[in-house]
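Report on one structure; see the data block that follows.
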Amino acid sequence: MAANEYDYIIVGAGSAGNVLASRLAEDADVTVLLLEAGGPDYRFDFRTQMPAALAYPLQGRRYNWAYETDPEPHMNNRRMECGRGKGLGGSSLINGMCYIRGNALDYDGWAAHAGLENWTYLDCLPYFRKAETRDIGANAYHGGDGPVHVTTSKPGNNPLFAAMVEAGVQAGFPRTDDLNGYQQEGFGPMDRTVTANGRRASTARGYLDRAKARPNLTIVTHAVTDRVLFSGKRAVGVSYLHHGNVLNAQARREVLVCSGAIASPQLLQRSGVGRSTWLRELDVPLVHDLPGVGENLQDHLEMYIQYECKEPVSLYPALQWWNQPAIGLEWMLNGTGIGASNQFEAGGFIRTRDDDPWPNIQYHFLPVAINYNGSNAIRMHGFQAHVGSMRSPSRGRVKLTSRDPNAHPGILFNYMADPLDWREFRDGIRITREIMRQPALDRYRGRELNPGAELTTDEQLDSFVRMRAETAFHPSCSCKMGYDDMAVVDNEGRVHGMQGLRVVDASIMPRITTGNLNAPTIMLAEKIADRIRGREALARVDTPYFVANGVASRKRESATV
């Protein structure tokens with residue numbers, strides 16, 4: 001075999017690409033090339049390794065592509081942040097470390113589409129378990145020996161977590177002890193991708209650490225893939241930039257595009273696979289007219305409902321520079337303390353209406369008042385709920401703007417384009433205010449800081465959303481799986497109309513899942529890895545899961561409104 005020839009070439013060492021690299025390299029008779037545009041995941045860089053420092057990578061460009069959207073027409077024409085991970089681990093290197101799998105009905109919904117029948121929740125659950133090591137042990141829902149370490153919430157954490165969960169229950173919503181178990185719906189503790197010694201459990205740490213010493217796996221960082229190379233309709237390799245040089249690598253079997261929901265459609269389009277009219281605008285030679293590439297883009301939008309805290313128990317002191325050396329030292333030496341947690345240790349999922357079949361609103365509770373990216377910190381003790389709708393009907397697109405591989409694409413999520421979006425965000429604000437008025441928070445709850453208690457009408461709440469809602473950093477669905485005219489890949493990630501080419505990442509989701517996307521992305525990569533290797537899929541299980549079936553979304557007689 002030539003030095004630049006491999007059986008598989010994987011483009012993107014993120015949440016999916018690292019899974020594929022590790023699993024494919026388990027077969028000693030194949031060779032794998034893993035290309036990553038960013039650098040290593042430096043283990044001594046607290047910005048990516050300390051869970052509490054999660055805002056730092058979003059503030060620079062070493063680990064963040066720092067995309068911006070086109071002006072969003074329903075959001076006061078704001079150009080909105082669209083951070084994506086750069087470096088070994090991809091977005092698992094810079095995300096919030098919330099381990100949320102989604103709702104069982106998300107996957108049953110995928111499987112309701114013709115040709116996707118093998119994507120039910122009970123087909124996917126074995127792969128969630130395969131990927132996971134949960135710190136309190138395995139059960140029917142959780143794994144005990146997978147590459148991704150999952151930490152559960154422990155006694156003695158910030159008292160605001162328990163108070164906010166209890167307030168949700170007092171407002172009439174269910175309590176759940178496991179947001180990834182039998183019943184996602186309700187309020188409860190949140191699992192996190194954090195190791196036993198308080199480090200971020202990215203897919204680089206979980207998967208590549210197991211695989212990188214294998215002689216059949218080659219990892220190249222600072223490698224910006226320009227385009228996929230084709231012979232007719234077959235992918236035969238890639239061209240990439242590395243330290244100023246243009247290099248080609250040949251793929252004997254397949255090219256696997258794992259660059260994420262923004263960069264995967266961009267790479268396909270730059271390579272000549274996409275909507276022909278878009279490609280002609282930039283004189284990109286057409287390889288295959290596939291109009292769904294870059295379409296169907298989805299995300300979660302969220303807002304911060306913030307309150308003053310009357311007792312000095314919030315994390316506000318940890319934001320003061322003079323307290324941070326001690327926090328960092330405890331974390332570095334012992335892997336404990338404030339630094340060892342992402343501080344998203346409680347949350348929930350609710351249905352805002354009884355006729356919603358599964359939760360349409362997600363909560364993350366945070367014992368400090370601050371933006372996700374570390375900006376706009378409130379200079380007092382405070383706490384907040386991150387509140388966002390889960391399955392917006394609004395759809396956007398990713399569109400190539402240049403043949404330059406270093407140029408950013410045009411990104412439009414088209415946030416809040418549907419009347420349902422506005423109804424759900426108004427409901428979310430009003431329900432959150434009910435939760436915050438419950439007795440469990442009486443000793444902590446001060447005045448409402450944002451949106452502000454004076455904002456009550458639909459028009460006032462809508463204005464707040466337009467000005468203040470932000471991305472939850474969950475882009476997806478832009479190379480969707482399926483068999484309709486706008487589908488890009490089949491049920492195993494193979495690009496329609498092509499040979500030797502797959503897309504495997506969050507872009508192939510037909511519809512966004514209910515919650516954070518890291519765990520589902522790892523799962524789908526595990527599942528497709530078996531198919532690439534020619535292995536039988538793990539057997540469908542019969543584990544029970546909750547379905548509301550018209551049950552009331554809350555017990556209103558118990559709530560303080």
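Heads up, residue numbers simply count up from 1 along the chain you see.
Cβ atoms are placed via backbone N, Cα and C, with glycine included.
Listed in Swiss-Prot for this protein:
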type	residues	note
BINDING	7-36	FAD binding site
ACT_SITE	H474	active site, proton acceptor
### Task
If we count other C-beta atoms within 10 Å, could you say which of the binding-site residues S15, T31 has the fewest?
T31
### Query
What's the CA-CA gap between V19 (FAD binding site) and H474 (active site, proton acceptor) in angstrom, rounded?
19
### Task
Please state whether DSSP places D7 (FAD binding site) in a helix, a strand or coil.
strand
### Query
Out of V11, V19, which has the highest number of nearby Cβ atoms, where nearby means within 10 Å of its Cβ, if these are the binding-site residues?
V19
### Query
In angstrom units, rounded to an integer, how far apart are the Cα atoms of D7 (FAD binding site) and H474 (active site, proton acceptor)?
31
### Task
Take the Cβ of D7 (FAD binding site) and count every other Cβ within 10 Å, whichever protein chain it belongs to.
17
### Distance from H474 (active site, proton acceptor) back to R23 (FAD binding site), taken between C-alpha atoms, in Å
25
### Task
Sorry to bug you, but what's the C-alpha spacing from the residue listed as 'active site, proton acceptor' to S15 (FAD binding site), rounded to the closest Å?
13
### T31 (FAD binding site) in three-state DSSP notation
coil
### Task
Give the three-state DSSP assignment (helix, strand or coil) for V19 (FAD binding site).
helix
### Message
Give me the CA-CA distance between D27 (FAD binding site) and the residue listed as 'active site, proton acceptor', in Å, as a whole number.
### Response
32
## Note on the structure
Check: min Cα-Cα distance from H474 (active site, proton acceptor) over binding-site residues V11, T31, L35 goes to V11
#### Entry: Cβ contacts of L35 (FAD binding site) (under 8 Å, same chain, 6 or more positions away)
I9, I10, V11, G12, A13, V220, A223, T225, V238, Y240, A249
